[in-house]
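Here is the structure we will look at, set down as structure tokens.
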Amino acid sequence: MAASMQFYGVKTPELALNSKRIEFSSKGLNFSALVSSARVFSRNVDRSCKNIALRVTCEAGRVELLERKASETFKLNKTEKKLTCVMKFGGSSVASAERMIQVAKLILSFPDEKPVVVLSAMAKTTNKLLMAGEKAVCCGVTNVDTIEELSYIKELHIRTAHELGVETAVIAEHLEGLEQLLKGVAMMKELTLRSRDYLVSFGECMSTRLFAAYLNKIGHKARQYDAFEIGIITTDDFTNADILEATYPAVSKKLLGDWSKENALPVVTGFLGKGWRSCAVTTLGRGGSDLTATTIGKALGLREIQVWKDVDGVLTCDPNIYCGAQPVPHLTFDEAAELAYFGAQVLHPLSMRPAREGNIPVRVKNSYNPTAPGTVITRSRDMSKAVLTSIVLKRNVTMLDITSTRMLGQYGFLAKVFSTFEKLGISVDVVATSEVSISLTLDPSKFCSRELIQHELDQVVEELEKIAVVNLLRHRSIISLIGNVQRSSFILEKGFRVLRTNGINVQMISQGASKVNISLIVNDDEAEHCVKALHSAFFETDTCEAVSECPTGYIAASS
């Protein structure tokens, strides 16, 4: 035995030879000895082996032992190497070389974190790419290199590379590919939805390559990944694809596998995926980088998902509408999803689902003000004193009033109405019904980028007029009151008093099944004034104290 173990550089311990004979074997190592017990032998081997790990198999009992000199240090190193969180940065956070340098400093200021970094395209790049595509349709192949937006994109990214001190070679292939794609669009004289998705993907592909190259330059090992190459698998709904369940195991296998081999910080493109049938590049809709971040967080089972924006977290209303907007310290996933869906630009509407399913907290922070506490989004929070969390405005909404006496005592009427929308591919936002009528709003984000909008609306009216009287109302806005709807009586009483005082007429009201949202429909030209008045009433007075002073029966009646 001693000879066998010494062959591997192990100083053998003294063994007691007064017990039964046990046969031991390991890969490349065979020996037998008389020992008092496997446990005593293992301790002795541990002291002798130092940093050498031995896997010892006892044929009598099949006991496997893995011994190391410093087990605590080993455990610590294992913890340090584990990916801990996702850090997602939007376009304004990486808008220039200066901003990228600040983001790198921010990431490295958390030495205990081993993040997956998700980046959007540099600010304005996506819009410039789309404008370049539209111009390429009619400019002719020979004039593509004169497109102003193409020149802007080239100059921005080359300048950024120089200012970061990295080689322009990291983006040269993509700049060349972008120009060739635009020439193809010019030759075909059309920009399909599939081509549009491929076109805008160049923004994220270049920003992540520049950022990863900079991290490597300053001595922090990083590796760039295109989301469509690491397993983000989507439907083939170009410009607004949905992520499929097959994504999670694929992403986990790729990122964790690479991380275990090289410990390079992953820098991943947001917003992008790969169609499961077409294998073409798809996009997740505007703001889709948030969804990329939460999807990766769930796939890897990380501790936290951080979404870094240019505002101090989720606010009580849009600061562009009212400068008195305040940060919201805590939200539930349900509240955040409603906020995003009804117009809050700080989060993608679908981004909360993976986080909720994985029960992973989402923290919204300001990359321009990293010391601000931001907003923490979790499954639940203390709602005992909560009244209103935020006020959200969605403009340019179309409203339909559908009236028919056929609804009385009949079944299947609503099914006929909604099958019409399904057939035409139009999404419904808010619904309210009575005995003989339905009022609903149409989601502008689902069809505002498509041509023939009026034609589609005319089709809706034509189909519905076969079964009802239809009134189409344009230029409406949805004002959503997100909060504790168990306080709905108080919220509505106070809200309608404010609106009546300001002469604003509510044309429709709906309380969502989510129990965190009350939606009001008003005219577009009254919407901003409405938000300001409601914000002043709910957030600039002691609303919580007023609620606590209400009679118990009054509160109970609202639940």
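Heads up, the Cβ atoms here are built off N, Cα and C, so glycines get one too.
Annotated features, as they stand in Swiss-Prot:
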| type | residues | note |
| --- | --- | --- |
| TRANSIT | 1-85 | transit peptide |
| BINDING | LYS88, GLY91, SER120 | ATP binding site |
| BINDING | GLU204 | substrate binding site |
| DOMAIN | 402-480 | domain 'ACT 1' |
| DOMAIN | 481-559 | domain 'ACT 2' |
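In this structure the alpha carbons, written CA, of SER120 (ATP binding site) and GLU204 (substrate binding site) are 5 Å apart.
Counting residues of the domain 'ACT 1' (402-480) by DSSP class, helix then strand then coil, yields 30 helix, 26 strand, 23 coil. Taken together, the residues of the domain 'ACT 1' (402-480) have an average pLDDT of 82. Shown in sequence order, PHE89, GLY90, SER93, VAL94, VAL118, LEU119, ALA121, GLY270, PHE271, SER289 are the same-chain residues outside LYS88, GLY91, SER120 whose Cβ sits within 8 Å of the Cβ centre of the ATP site. Taking a C-beta cut-off of under 8 Å and a sequence gap of six or more, GLU204 (substrate binding site) has these contacts in its own chain: LEU119, SER120, ALA121, ASP226, ALA227, THR269, GLY270, PHE271, LEU272, SER289. Annotation note: the residue listed as 'substrate binding site' sits in a helical segment as assigned by DSSP.
In the shown protein chains, 23 other C-beta atoms lie within 10 A of the C-beta of GLY91 (ATP binding site). Long-range C-beta contacts of LYS88 (ATP binding site), restricted to its own chain and to partners at least six residues apart, with a cutoff below 8 Å, comprise VAL117, VAL118, LEU119, GLY270, SER289, ASP290, THR292, ALA293, ILE305, GLN306, VAL307, TRP308. Farthest C-alpha pair in the ATP-binding residues LYS88, GLY91, SER120: 10 Å apart.
Secondary structure at SER120 (ATP binding site), as computed by DSSP, is coil.
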